[in-house]
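J.: Shown below is the structure under consideration.
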Amino acid sequence: MNAVIDAAFSRTRVVIMALVAILAVGAYAYVAIPKEANPEVPLPLVFVTTGLDGISPADAEDLLVKPMETEFGALENLEKMTAQAGQGFANVQLEFTAGGDIDDALDKVREAADRVESELPEDARDLTIVEINTSLFPIITIVLSGPLPERALNDIADTVQEDLEALPGVLEIDIGGQRDEFLEVLIDPTVFQTYNLSFDEIVGQIQRNNRLIAAGAIQTGGGRIVLKVPGLIQNVEDVMDMPVKVRGDAVVTFGDVATVRRTFEDPDSFARIDGQPALSLEVTKRSGANIIDTIAQVKARIDALSQDWPDAVQVTYLQDQSEQVETLLSDLEANVIAAIILVMVVVVFALGLRPAILVGLAIPGAFLSGVIALWAFDYTMNVIVLFALILVVGMLVDGAIVTVELADRKLQEGMDRRAAYAFGAKRMAWPIIASTATTLSVFFPLLFWTGTTGEFMKFLPITVILTLFASLFMALIFIPVVGGVIGKRQPQSARGKAVLHAAELGDPRDIGGATGAYVRVLEWAILRPGTTLLCAVGLLVATFAAYAEFGRGVSFFPEIEPEFMRVELRARDNLSIWERDALVRAVEARLQGYDEVETVYARAQLAEGRQDEDTIGVIQLDLIDWDERRTAAELGAELRADLGDIPGIDIEVQTASNGPNQGKPINLQLRTRSPDKQAAAVETVMTLMDEIGGFTDVTDTRPLPGVEVSIQVNRSEAARYGADVSLLGQAVQLLTQGITVTDYRPDDTDGELDIRVRFPREERSLAELNTLRVPTPAGLVPISNFVTFEPSERVGTIRRIDEARVVTIEADVAPGVLVAEQISALRGALEGADLPDGVTYSFAGEAQDQQDAAQFLSSAFVAALVLMVLILVIQFNSFFQAAIVMSAIIFSIAGVLLGLLVTGRPFGIVMGGIGVIALAGIVVNNNIVLIDTYNDLKRQGVQSLEAALRTGAQRLRPVLLTSVTTALGLMPMVIGVKLDFFTREVVYGAPSTQWWTELSSAIVGGLTVATVLTLVLSPAMLMLQDRLAQVRLPEFLRGLKRSKPAR
């Protein structure tokens, strides 16, 4: 390493040019690197769907789902298989091992789909296979609303879709809430009797008069003449003028017997924003596109297009992910600038201005070097990368401080600046390399985090490793070289020179001031190493015992104040879309009276397998700024009380969840192969949850019962009248969605419109079906002559996991209640519960995520400790000294728990766990340098006591500097303060700062305790090592030591 440092100092200008290039290219890379909310991770999920018109959920389970489960269940690397069977549809979701080859999995799914299609009913729709990818999730939702005709709003949405899809960063625009238009021919049932018409005559007449006739051409003496027979329907008038029947000399047209109009399909949903009809446009970006730039371009195009729209059209943006990214970028920039300023202030106070500039330069240098590497590897700047960069800010200056502090010491001794900084880099090279290696070893196991969470989180260790590796070069190459150019001996008082001389060559006991007081305390501890160790262990045990007794337990992810809330309306009844909408309007009207709600986006909808069947509507509330309202928890409690008296519905008020799991935190799955046992099992669990208390918004996914009418045809009786099932099917279609007879292309649209024949709305009812007369060869015959109507119970959507029926019970927890405590209480109650035979249960959702994360982070922590021990033994060639360094990690955990006790916070599994792992890499650094200094003094022949005291005196300043600068770099996050240097604002308690509180608190609390113990306990343990080495070994051990193996 010395040769590399000498080479750098011999080419000073090259090194400085390289540093300038790094800063310039890094700044460009920071601007140019694509930015997005979440990393693009190929989720190991494949969705397979099919359907069969009219099939019931129970039949869909037997005829569609089970054959697919049998075939797909044999695929390699399949982790989980989830299936749904509903009215007219079936789907299977396949989850493969994360990190595998998703393309290979897709090929195998397609091969299995080809095999299974032969086992499905003949009329079943072809299997559709879709890969689920995070890049296909929308980055922003545009809502168009206003008191406009539906066709006008649709035309605007189509124009926006076409225009935005031409932008380079936009992949697709999906319009929600837009109904398809068609040409409706309404014929009264009495027309068939009046004109003696059959259903086939009506259908056939339209079909035969909508043909493209290839007439050809004729050759004559006058030339070739092309013949044209216009036969295609082009407008409504063409249908109205079309003949239906001839009566005598009169020609009856559709205009005489029917109402012909362009209209829209019957709604399956209604959408409104602030009470106005609305359409939503979900924007999906292309892979690698910059989310901030893409959304800015989208908004600019909307602003330009809106100049030509009616004034009544309102544009609202929902779920704008660029805001989250911009906030995190702002937090990162603010933390980096704050860290640089705070570090420089501390270093200026301790060492002077020029050393402070050098140390401050290490942060942007290492930071931008890491960004260059990320950019070169084609990574994006996403929330995980930003999180890692914020985490690592406090670690970037440790090596630089150690090098600069030693060089400053040598400058004060009279050495010239070039030699001083070269000496500092060479002398501290291996301690800094070892300390950096131990820190990197902490994050290295995180690269092997399995599952989808691991695929997301792998960007954390990659970013930290790249940035810390760059900080090593900053500390040993760039900063010393620049210091050799601009370094300068600071004026020093006689007292300062005396302190320096005493620490380096004289008696440390002669030092006065704070350093002298420390040396005297240290001497007391060194002379009583056993007592010092017992005191430290006693503090450790007391802290763990106090936390076990008074600690707040654990949480999975930090609670972040949300920007929006969600209200779900549930009703277990057969409700039409209009009845659902009426209930949604009632809730919507109350919500619009809250001043803290900025936007109310309401949707009434039919479930159709897309969400829980009893969900009749969803209302999204965008809230005003967090500092101008109550907390979401307080507002949610009032909303539950205010909306709870609306009859016929259950209300759920949900806030946006944080972390990878977006469902309710309590998720209990009950499995059984006997459907009749599901209800009893669910009721048992519900009773237990009521007895435990603390649960809110409890729901379950049992199939929703309903009513269906089965039309039974007496085929023998129908044959007497010349009728059959096909004739009955036409009659039923006329009463429902209509008979699609053909299509046409009007002049004012680009697509084709269906032409459908059906009865007027007032004639479409079950009562009308019972009295309907159908045309037969025997004349018009009441349908009741050969048909009976049998109402029966309809089963809703059936859910299955791994080939067994599953009912999921989900719940939130009351404010102030910890999820982990509720899960523990419920798990304990279930162990003694009397569940029906054959029913098993398991926790999923946040409970499973929390368990998996805790298990992996524990394993990663152990692996990191093993790697650190290996590095330390290589560095010191001593198990005892390695144990001294590792003990700092244990004592630092006591500092973390002590901080949690003082603040009253629970321990966060994810953020707190990562903080502890990062802390382990940080706290060993000072110990490594301290022990290295002690060993160097011992090699110079200094006695153990003097070496320990001199080590403490020499390392006090750099240890305090590195610890204080690291803590100060994280302190704004600890106290929740955001220092915005661009707007010159100081914001306290902003939601964005709540992300980092657990992480930064863990590091600062542990580092504080570890620093104190490093300065006192570690030197005492070094003295204890020396005393143990002088203890006479028992005779048999000395004999073993002297003995040699026989040759």
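Just so it is clear, glycine is given a Cβ too, placed from its N, Cα and C backbone atoms.
Note: TrEMBL annotation is automatic and uncurated.
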J.: When TrEMBL marks a stretch as transmembrane segment, which of 812-832, 959-979 is it?
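T.: Result: 959-979 is the stretch TrEMBL calls transmembrane segment.
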J.: Scan 7-28, 909-930 against TrEMBL and say which stretch is down as transmembrane segment.
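T.: Result: 909-930 is the stretch TrEMBL calls transmembrane segment.
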J.: If you count every Cβ pair below 8 Å, which range out of 383-407, 462-487, 530-548, 959-979, 999-1024 shares the most with the transmembrane segment (358-377)?
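T.: By the under-8 Å Cβ criterion, the transmembrane segment (358-377) pairs most with 462-487.
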J.: Which stretch from 428-450, 462-487, 856-876 shares the most C-beta pairs under 8 Å with the transmembrane segment (383-407)?
T.: 462-487
J.: Which residues of the same chain, at least 6 past either end of the transmembrane segment (332-351), have a Cβ under 8 Å from a Cβ in it?
T.: 357, 359-360, 363-364, 367, 386, 389-390, 393-394, 397, 401, 404-405, 408, 490, 957, 961, 964-965, 968-969, 971-973, 978-982
J.: Are the transmembrane segment (856-876) and the transmembrane segment (909-930) close enough that 3 or more Cβ pairs fall under 8 Å, when only pairs 6 or more apart in sequence count?
T.: yes
J.: If contact means at least 3 Cβ pairs within less than 8 Å, sequence distance 6 or more, would you call the transmembrane segment (856-876) and the transmembrane segment (883-903) in contact?
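T.: With 3 or more qualifying Cβ pairs, these stretches touch.
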J.: Taking 3+ C-beta pairs under 8 angstroms (sequence gap of 6 or more) as contact, is the transmembrane segment (999-1024) in contact with the transmembrane segment (883-903)?
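T.: Taking Cβ pairs at least 6 residues apart, the transmembrane segment (883-903) and the transmembrane segment (999-1024) are in contact, with 3 or more under 8 Å.
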J.: Counting a contact as 3 or more Cβ pairs under 8 Å, with residues at least 6 apart in sequence, do the transmembrane segment (462-487) and the transmembrane segment (530-548) touch?
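T.: Output no: the transmembrane segment (462-487) is apart from the transmembrane segment (530-548).
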J.: When you scan the chain for residues with a C-beta under 8 Å from the transmembrane segment (530-548), skipping those not six or more beyond its ends, what do you find?
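T.: Apart from its flanks, the transmembrane segment (530-548) reaches 890-891, 894, 897-898, 900-901, 1013, 1016-1017, 1020-1021, 1024.
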